[in-house]
Structure formats: C-alpha cells, structure tokens
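> Structure provided below as structure tokens; questions to follow.
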C-alpha cells in the first residue's frame, strides 16, 4: 500500500476534528490552541480504537506525563492509528514525516499567537479556516497526484469529505458514499448484499445483521470498527456482479466493445458516466459511446472503466469504511461544537459552517492539481497557483499557503490571527470565511476588502509612528494616533527609549475601550517595572507595582490576562523575599496558561517556576520535569535542547543572575549553598593544603551534624565528598596546562600545587573513611563518587571507595554504571577491579541499552574488549536497543570511522581507537561469537 494516501487520511481527519474534545464544554470560556497530542487522541477516538482513560488522555494532551512515558504513549497512539489504516512500513515512515512537518507548523503558529478574548469556538473556527484546511488541501493534493487514494471511487466529489450533491442538492456523508460505491460494485440492492457474505472460515456471519447495518450506515449511522472488520474480513466471500474485468491479451477493439456492453448492461448514460470517470468535457463521452471517438480516446475510456469498476479487495473496503467512519464521526462532533443545533444533513453554508471549510478544501485542492498539470517546474507551479488566488483571500484566509512566503510563513499567519482574536468578544458569531454562491459573494468580498484596507492603513501608520516618536515630541506624536492596536506596538518596541514606551502606555490607558484593554496597558507597565535591570528600579517601584497589580486584579478585564498577572504577582513577591509564596503563584500562573493562548509566555513562566524551585532546593526530577517539558514545548530552547539536569543548572544561574531582583528596601538573600560552601571549602581547604590531618578530622567531627548525612543545598545536590571530587578533578585537569604555560622560575609554585593536589586526594580518603555513607550518595544526575573516580582512571580512590562499601552497580540518569565509566576512561585496572567486585554486566544504558562490552567496542579499546570478554564472554551475543551486538556495532562504526571520530571529539570530548584497534576488536568478537555458538551446539548435543 502506498504511503501518501494514509498520510492524507490522517491529516484530513485532523482538520475536521482537531478540537472536538471541546464538544462537551460549550459553556467553557477557555480559548486555547489544542496541542498536537490532543489532535492525535481525536483521530484515535474516531477510528473507534481501544480508548484511554480520561485521566491518561488529559495528561498526554497537556504535557502532564514524564518525558519517557509521553514519548511511549505518542508512539503507541500513532502505531494504533497506522495499524487501523492497514499501513505498511513505507506508509508509516511517510506518515511520520508528514505529521512531523505538520506538528512543526502547528507549534510555530501556536507559539506566536495570542487568543485574547476569543472563545473556543472562534479560535477553532479561525484555525480551521486560516491554517489547517488550506494547508491540508495543498498537502493532500500533492500526495494524491497519482490518484492512489481515490482510485476506483466515483469522480466529481471528495468521497472522504461531507459535501452537497450538486444534482440532488442533498448532503452526502462519507459512510453512505462508500456504502453506495460498494453496493454499486456488487450490482444489487442492500437486501441482496448479504447474500454470499458468509465467511469462508467459520460460516457464522449473520447475513441479516449485515443487511441491517448497511441500511443503518446508508442512513448516516456511524459503524463500529469491529463490525467493519467482521463483515469484510480477508476470507469474506463477496460476489461482485457490478465490476468490469478484462483479460490482458484481448485486442483493443474487443476491449472497447466489452466496455460498451458493460455500460449498456448497467444502463449508464453519458451523463451518468460523467459523475463516475474523469472524462467530463461536454461531448467527450458521447463521441465514445457513438464510436466516433479516436482509438486513443477509446482506450482511455476502457482504462477509466477498468479503474472505476475494478473488483476491490477486502483490505480496501475495510480501509475506506474506516476512513469514512473516522471523518464522519469527526464531522458530526465538530459540527455539534461549532454550530450547535444544526443537523449534519443541513446544506445551508450560513448555518452549516463546515460547508465553507469543504469549499476551501475543494478550491485549494483543485487549484493545486491544475497548477501541477499546467507547469513544467516547481517554480512555475508555485507562481501559477498563487496567481489564481483571489487577492482578497490571498492576504487573508489563504495567507498560510502562499508559496512566496513559504519560509517563515507562520509568522504573518500568527500575526493575522492575533489581530483577529483581539477584536472578538466571547459569544460573537462565527464569521463567514468564503462565499459558496453569488448571492453572498459580493457582500463578503467587499467586507474583506474593507478590513484588509483598514489593516494596511494601520500598518502604515505604525511604521510612520515608530519613525516620528524618534525624531519629534513622543507625547504629541502619540496623541495623534487613536488606534489602541497601533499604540500597543509602540509600547512593546524594545528599540525605543523607556521614556517613550511609558508615554505609549499612558496613551493606551487613554484609548482603552474595555476593561481588558486597560489591564493590557497595566501588563505592559508591570513588565517595564519588574523585568528591567535591578539598578534601573526607582525607590518607589514596590509601591507602584502593588498599585498596578491591585488595580488590574480588581478589574472586570483581569480574566483575559490571568496568567501574566499571576506571573507578575509572583515576581512581586519574589522581590520581597517571599520565595515559597512566589513559587506557589508561579505554579498557578502556569496552570492559568490552560485558559488561553499566550504565545511563548507559558515557556517563560515554566522557566521562572523551575528557577525558583531549584534555586535553594535542588532538582527533584518527578516534581520539576513538567517545567522542562513546558520550556521545551513553548520556545525556551532556541538553539540546542538540554537535558532536565543541565537545564536545572541553567535556570538556577538564571535565578540568581536575572530573575531574583529584590526591591531597593529589601535585603538581598544569598544562596543557601554559599553559606555551606564557606564551611566545606573556605574552612577545610587551608587545612587540607597544609596537610594538617588531625585538624581535618576535628573539622569533620565538628560539621558531621550538618554535612555528613545530606547534600549541599544547591541544584547539583552534591555531597561534600562529591564536591571535593569534582573540584579535585577540575584542578587535576588544569594543572598540566598550567605547568606548560608558566615560566621556569614559577615551576616551584606549580610543584606546590601538585603537593596540594596530593593532599586533597588524601583528604578524600579520610572523608570516605569518616563519612562512608557519602560513598553511595549520588548527585542530581545520579552520579556516585565511584563513577567519578572510575571515569578519572583513579585506581587508588576506586579501590578505596569499593573498600568503603560503594555500590558497584548504581546507575546514573543515563543508566551508566561505574563499569561503563571505567571502560570509557580506558582504565584497564579500574575495569578489572570492578569486575572482581562482581559488577553486574547485565546493566545497560537506558536509551541505547549498551552493555559495558558495547561501550568498549564503541570506543575502540581493544584491551578493554579482551578483558570484558575474558570475564563475561556471554556479552558478545547481547543486543542493544538498535538490535546490534557489540560486533555489529563495531562494524557499523568502521564504515565511517573518521566521521564517528569527529562526532565523539566534538560532542563527547573523547578520543577513540584507531582502525587497527577496531579491526582487532572485530576479530576478537568474531572469534568469541563463534566459540559461543560452538559451545551452544555442544551443549545441545
């Protein structure tokens, strides 16, 4: 089965019901852009797949799961959808790529759109009309250029979408359309369709049930997938009397005569056939049927009949019924949500708004196909397509699909949507997007042109205003502008002086026509007061912020700005050293982002909440991963995504460097770790350097109560032992560089530093003996002291920690053990010690499931590979998550050894073995694998 057709199905489905999860919440004023995960769940539901619990769905759709669980569920949901649509591996790959592109566009629009006072119906309606349907029509048209998805279906309409029959004027839904197609090929009535459907396998199929269900499906009842699968299983024995089949070796004239005979037996006129096959031009079919057409036309006619009336396989019937069921279910639920009280069979576009979406789809689909047919290159095709779009729609409802703004096209669309939403009020009627008849077209086009003209004039005035406030009196210039929207852009312009921005905010207060607009002005002023540099704050800033917050919170317009108001209230408390209360309000601000779409604000609030919580308490993965997920989903990683643990370090630094800015009258708090650091560094370090070991032991006894049992109050959650190890390791790395850099007369000082480093190592020995529990206390990445010293190839400390009871099998956040660390460090003696202490070689890394032997083979360390095989030869057959044995992994690396070497040096700062090393490893692993196989055969015999 081809890949494009299934992708088309999935994305059509997304279009029709991407927000149907709101259909039971018609009185809920929340207005958000639904997540892509929510769209997947709706597809899953309309395919009648095994449902998830409401709690699980809510967590999945709203970033409430841990990253690993979220990824697993996303995979499961997609797999269930693909399997339901009978997609093969190539089709699944194509679908994943297409859905990934769509998800990226969907997210880009979301991150740049504010929904303001628009309600959920209005948001969904605009997203469908301005983004989803036009884009999907373009994609599906391109994917379906070979007609694979429509093959064998009657022409003239999109069978997989609800549409109005132009002849009868009635609504045709997808399921009845497919039933009609099926009955037509059976060439019998529904009542007779049950005859011959007995399953070849068990003969238990209820024919009356089939007939009854076909009648129900014909009358727009939505079929259960279990019924579809049961009635049309692969061994079903359907008799297709209405199909047209010919032997390949027949002469062309014989084929044509058979085609005419088939048409006559079915009583099909030229008008009837025009709705069935792609030969719609006036007189074309008439000339074929009176046999005056050319031989080429006759052959095309025969081929068209063979395609349209081909015998379908059971898989095709099941697939088309599932697709029809999926779309029809979404259509009905979306119609109920957008147009309450309107029947699914309503054909009036002013009432059944979804007909306007179908009109958009048809227009864009046909223009795309037509441009392809009449162009030789992609550039010509794009130019032709765009030239045929009406100018009033090109700058409006079709803005998202203009080839001329393909790169970054989401930005003008998001700006347009934000502008539209800002002018809506809850409960406003859904605007008409397109006209489907001449009666309404003139009025609608005139309205669109007026609005576009007004918006163009606003943009022109804005550019002029931005220039004039720089060269003339800002106050007088701003007094000459009466548009709240225009002035708000000036107030947000960071390129303007603060004084000018504050004057613009003052002008916004004068222009505000609603409570929400007045609060909007306060939000901008709060941003200036709370987000400015600490040194730029005035002495009365605390009073001014409190007054602005109190005024905004008491306003009837506060609900529109709930999330940013809570964020600024939290920052206000933070500036007063109320850390716990600030953390609570920042969490509430993040929750409030569920009540509207605020661009990237959700990511900013998540970053602030994360920073407040880790600043003094350290990282708690189960509690803090949600902040990392929201930062990732809402634009906080511009260049490179970092792990939860590394992000915790970044936001901790962000807290003390930027976020925490106490008011002028408030004493500045210091990190709790700073006070602790005075004890374990400033007090202990001089004792260690001088080698006063009795004094150090006294220091340990004196500080045992506060430092022995727990970690230091900082984001990395180090113990004193881990902190000393990390500092010693860094010092040891820098010392050779320092020795090489200093002049000969300073080499004596370097020697003193080396003696100090030796003292430091001895101090670590003493600490491990005095506080042995710290040997097994991990930092925030799950790294233990044993892993640290094994990675540093420190044989002495490795033995010391093992003697102190270190857990040899502990795993860090990536699943690495001390054995993995020793292997990576190419420390043969450390590896040997760990193996002697019964290191569990079955422990694998979490993502790639690499054993220590995989790691040794990956690094190209032949001596380590030999050592591990000597102790645990069975590892040669162990596969990782890519189904690779160590031998297969080594062979793959050797294919592009220079590229792999560069990657390891660039991203991991590790050197790997030579080609000769890898050749030796492959030889050893090959021999070991052969020996293992011989041993298995001997045991079996």
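Backbone N, Cα and C define each Cβ position, glycine as well.
Model, not experiment: these values are computed from the prediction.
TrEMBL lists these features:
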REPEAT    781-813  repeat 'ANK'
REPEAT    814-846  repeat 'ANK'
REPEAT    848-880  repeat 'ANK'
> Summarise the repeat 'ANK' (814-846) by DSSP state, stating how many residues are helix, strand and coil.
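Residue counts in helix, strand and coil order: 16 helix, 0 strand, 17 coil.
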> With DSSP as the yardstick, break the repeat 'ANK' (848-880) down into helix, strand and coil residue counts.
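Grouping H, G, I as helix and E, B as strand yields 23 helix, 0 strand, 10 coil.
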> Just to be sure I understand, if DSSP states are collapsed into helix, strand and coil, how many residues of the repeat 'ANK' (781-813) fall in each?
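The counts are 16 helix, 0 strand, 17 coil.
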> So what's the average pLDDT for the repeat 'ANK' (848-880)?
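Overall, the repeat 'ANK' (848-880) comes to a mean pLDDT of 96.
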